[in-house]
Structures are given as structure tokens and as C-alpha cells.
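> My questions all concern the structure below.
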Amino acid sequence: MANKKSTVLMILDGWGYREETSSNAIHQANTPVLDNLKAKYPNMLIDTSGMAVGLPEGQMGNSEVGHVNLGAGRVVYQDFTRITKAISDGDFIENPTLCHAVDTATSNNKAVHIFGLLSPGGVHSHEEHIFAMMELAKKRGAQKVYLHAFLDGRDTPPRSAQASLEKAQQKFSKLFTETDTGEGQIASVIGRYYAMDRDQRWDRVEAAYNLMVNGEGLHQYNSALDALAAAYERNENDEFVGASAITSPSGKAIKVNDGDALIFMNFRADRARQFSRCFTDTNFNGFERKRIPAISNFVMLTQYAADIDAPSAFAPTPLTNVMGEWLAKHNKTQLRISETEKYAHVTFFFSGGKEDMFTGEERILVPSPDVATYDLQPEMNSTLLTDKLVGAIESGKYDFIVCNYPNGDMVGHTGSFDAAVKACEAVDTCVGRVVKAAQDNGGECLITADHGNAEQMQDPVSGQAHTAHTCEPVPLIYVGRNASPAASGTLSDISPSVLHLMGMEQPQEMTGSVLMQLIK
């Protein structure tokens, strides 16, 4: 029956609220549609960072965390928080999966290779987790411990890796003293642009694989700090540092050998999958691997994908009665729609980590533009995305639609202020079209964001481009009937609010509150 009035949840990715107007692309942008909606309809600010979304206090939110909380209707304690707590409680050092991997390699006098994003960013990993893993390996008798450092510069300032590399070297010096017979060091450095690709650009991943497995890089240095200094001389920021092998005291590059154990220390899945598959897929065809060492163990810190044949140190905790599941149980239809960059977020993450569609669910994927960086096309494919979304609203097929506009976040990450302004203006135009379509067809809209980004484009301390997310609140605007906004709220309150507006009870698993109380 095609006469449904859609409730549309629009997620403007990276669209935070910041009172300070300097280097604020959202403030600078000409956004008449959102300005008018804010003046005319019930609205409020909601929290998207720290404990409000299950992260450590003061930790900025991100798209994965944001969409999990949005769809779950409850605060979901994130892997970051679980792992940090396990370290402080002393459980981490006894984690059976990690201990088994270390013990197997150590008993055969083989090396433990620890790798991942060496960063305090807390989005894909945290350096303190890596340092704890180094400690675990040494305490269990590992005599060869190597760190392969992926450098950030995206969730951290563009040139900030020196502090992290220094900390790692200090940790090794502490664990492996001069009187120690063991060997522990940073074995390689490379930018995340290569090692953490998620768009099937296998040539990038190949560079990271050859560096780690074969010790083959574009460059070779005696220390990680020398490698970083040389990269900066080449005008490469952290994210783009070329493959650099760090030699052992004997002057040779370090390789992964048969019997070695590999431990991937990223906790976020999306940018860890491709690199993991290089080691775990029996039918791997991303690129031709020159050498495939017979490693003893490959451990994922968390489960990156159900079909990756490797154990995870921290298994996923299942979520029941998330938004999509609850709608399906009540015979409601739903649509998930976004560009490639945020498609996983409105599907997999919004569904609480479930890949499969629910009954009555449909999905539309609009390809993101094929450009090197999105400042080259700040509008991305928002016009086509909006065409599809407006068509879906007009079709009358869907009770609920969730759409993500990636522009504020993806262009915000480039650090280009002018491009971010254009991105925000493009999104504003699209929001106007969607709101009109919803109103013309008897529907309603909730407009919000998953975290901030574009509202701060310059680091106030360093003066560098600010490419990371922020801890700022985000707007929530309800375009519909008369309603009273709550004084405060979080992302986990959005699903309960949508259900209230749709005239549905929320399941008991959803502990979030209603933020837009209808006035009878």
C-alpha cells in the first residue's frame, strides 16, 4: 500500500554547534533553510561525545559510535571504553586470546608484531592500548616485540605523530633495558592513508603489506623519528607518510617470519578489514603477495567482520530491539539511504552491527564522487542523493527513512575552510528540498547530526588545520506538529523520539528519553 507518510531522520554528518564563529564553516556558510527551520520549529542541542555515547569522558564522538547510539536508543558502551576499562582493571593483561597468541610465538622463539594506528585520537584506536599490548607481550616472555606504526593526522592534528612515536620508543626502552637480551623496537611507519584504506584501493594496502611483511619501503631509516622528520621534509603530513622501514641494530629491515604472531590493535572495524584480509583470506585477490608467511596467530582486537577468519580479543556484545528491528516487528517499512562514505553507518551501524536487512527494509546507495579528496567536490553527490530521497518520500512506500549527508564530515576532514563552507551550503539546499517533499506528502522530519567537525576548521593552539571531530553538541530540529523540546539529550534519545512521533511505544531495551514531546 503506497500511501504512507514518512518520518524522515536526516543526519547531517559532522554538523556541530559552536558559539565561537572564527574558523567555523557552518557559521560562515549561507544556510537560509536551516536558519529558517531553527527559527520556526522546536529545536535543541544534544550531546554526541564522551559518556553520553559510551566513550571515555572528554572523548570526541565519531560516525560509527554516533550511528550505533542513534539506532540503539540506549547508550552503547563502545569498544574503546571496554578495552580501556579492561586495562585499568587488570583484565587486559590476562586476555586469553592475546595471551595465547603471544605464548604460541614466544614458546618457539618467534616474534610478536603489534600494529595499528599509533594515535591518541581514540576514533580507530588508542596508543595506550598499544602500549598495554607491548607490556603484555614482554611480561609473557616475548623476546622479540615489534611495533608497526600507522600514523594518524586525520583524527589528530596533521603533524602530531612525533609525540606518539617518542612515547612508543620510551615504552620500549623501559621494557627492554640495555641488560635485556630481548629486542623491542618500532619496525616501520606508514600513513593511515595506505594501511587503513576502506575503498578497495588495494595499491595503497599493498604498500603497507610489503612494508610490514617484507621490510620493503620507499625509504629506510635508523629510527622512527628520523623517518618522520624526513617525511615532513618531503611535505608529507602524518596521514600520508610513505612506507618507511626502520632497521634493527644489525642494520637490517624487520620482516614477518613463519611462526610469528600478529596482533592488530585498531578497535574500529571499517578501516581494519582490508589489511586484515591480506593475512586471513585463503582466496585473497586484492593484489599479488610476494610472500605469505605462515604466521602462528592473527588476532583482531575486536571483530572486524564475521567472515574474517581470525579470533578477536574483545567479542561483540549483541544489541536487541534496535530501531530497525523494532519497526520490522511492528510491520513498518523503512529505507536507509546515503552516499558510499556513510552507507555502512545508516545500515550496519544504525542496525546495531547487523549486516542483514530487516523485513520491510530497503536500501539505496548513491556512489560518492571519485576524487582524491572531497575538498575538490565539496557538494559530493548530495543532489543525486536528494533526488533519490525525495522520490522515496513521494512514493509513499516508507514509514521511516534515515538518510546521512556526509559532506560536513568528509569535507571537514580535508581541513579546507572554503570547501567546508561550500559543503554546508550544498547540504542546506538539500535539506530544503527534503523538508518540502515531506510536508507536501504529510510527512515529518527530524534533523540532527552524529558529531561535530565543520564548525571548527582551525586548531586554536597550533594554528594548523583542524581535521578532526569535535566534542561540540549538535542541533536537533523537529519539523512537524507542535512539540515541546527537552532541556537536554543525547543521540540515544533519537530513536525513542522517532517512535513517539510515529505513535509507537519504545521497547524496554531502549532506555533513551523522548526529546520532542507532542503537545496535544
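Using the three backbone atoms N, Cα and C, a Cβ is placed for every residue, glycine included.
Sequence annotations record features per position, and here Swiss-Prot assigns active site, phosphoserine intermediate to S63 based on sequence analysis. Under the heading Mn(2+) 2 binding site, Swiss-Prot lists D13, S63, D450, H451, citing sequence analysis as support. According to Swiss-Prot, the substrate binding site annotation covers H124, R154, D155, R192, R198, R268, A269, D270, R271, K342. Summarising the annotation, Swiss-Prot assigns Mn(2+) 1 binding site to D409, H413, H469 and lists sequence analysis as the type of evidence.
Describe each of these features in terms of where it is and what it packs against.
Spatially close to S63 (active site, phosphoserine intermediate) yet at least six residues away along the chain are D13, K342, H345, F349, D409, D450, H451, judged by Cβ distances under 8 angstroms.
Taken residue by residue with DSSP, H451 (Mn(2+) 2 binding site) is part of neither helix nor strand, so it is coil.
In the three-state DSSP reading, H124 (substrate binding site) counts as coil.
In the three-state DSSP scheme, D409 (Mn(2+) 1 binding site) falls into the helix class.
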> If you take the centroid of the Cβ atoms of D409, H413, H469, the listed Mn(2+) 1 site, which other residues of that chain have their Cβ within 8 Å of it?
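Counting only non-site residues, the set is D13, G14, N62, S63, G408, M410, G412, H451, N453, A454, T467, A468.
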> Does anything in the same chain, at least 6 positions from R198 (substrate binding site), have a Cβ under 8 Å from its Cβ, and if so what?
D270, R271, R273, Q274
> Taking Cα atoms as reference points, rank the binding-site residues H124, D155, A269 by distance from H413 (Mn(2+) 1 binding site) and give the first.
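Considering only the listed binding-site residues, the nearest one is D155.
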> Listing them in sequence order, which of the binding-site residues H124, D155, A269 have their Cα within 10 Å of that of H469 (Mn(2+) 1 binding site)?
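Qualifying among H124, D155, A269: D155.
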> If you draw a 10 Å sphere around the Cβ of D13 (Mn(2+) 2 binding site), how many other Cβ atoms fall inside it, taking every protein chain shown into account?
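The answer is 27.
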> Excluding D13, S63, D450, H451, which residues of the same chain place their Cβ within 8 Å of the centroid of the Cβ atoms of the recorded Mn(2+) 2 site?
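Once D13, S63, D450, H451 are set aside, the remaining close residues are I11, G14, T48, G61, N62, G66, H67, K342, H345, N404, D409, A449, N453, H469.
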> Please name the residue among the binding-site residues H124, H469 whose C-beta has the most neighbouring C-beta atoms within 10 angstroms.
H469
> Give the residue from the binding-site residues D409, D450 that has the most other Cβ atoms within 10 Å of its Cβ, counting over every protein chain displayed.
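Output for this query is D450.
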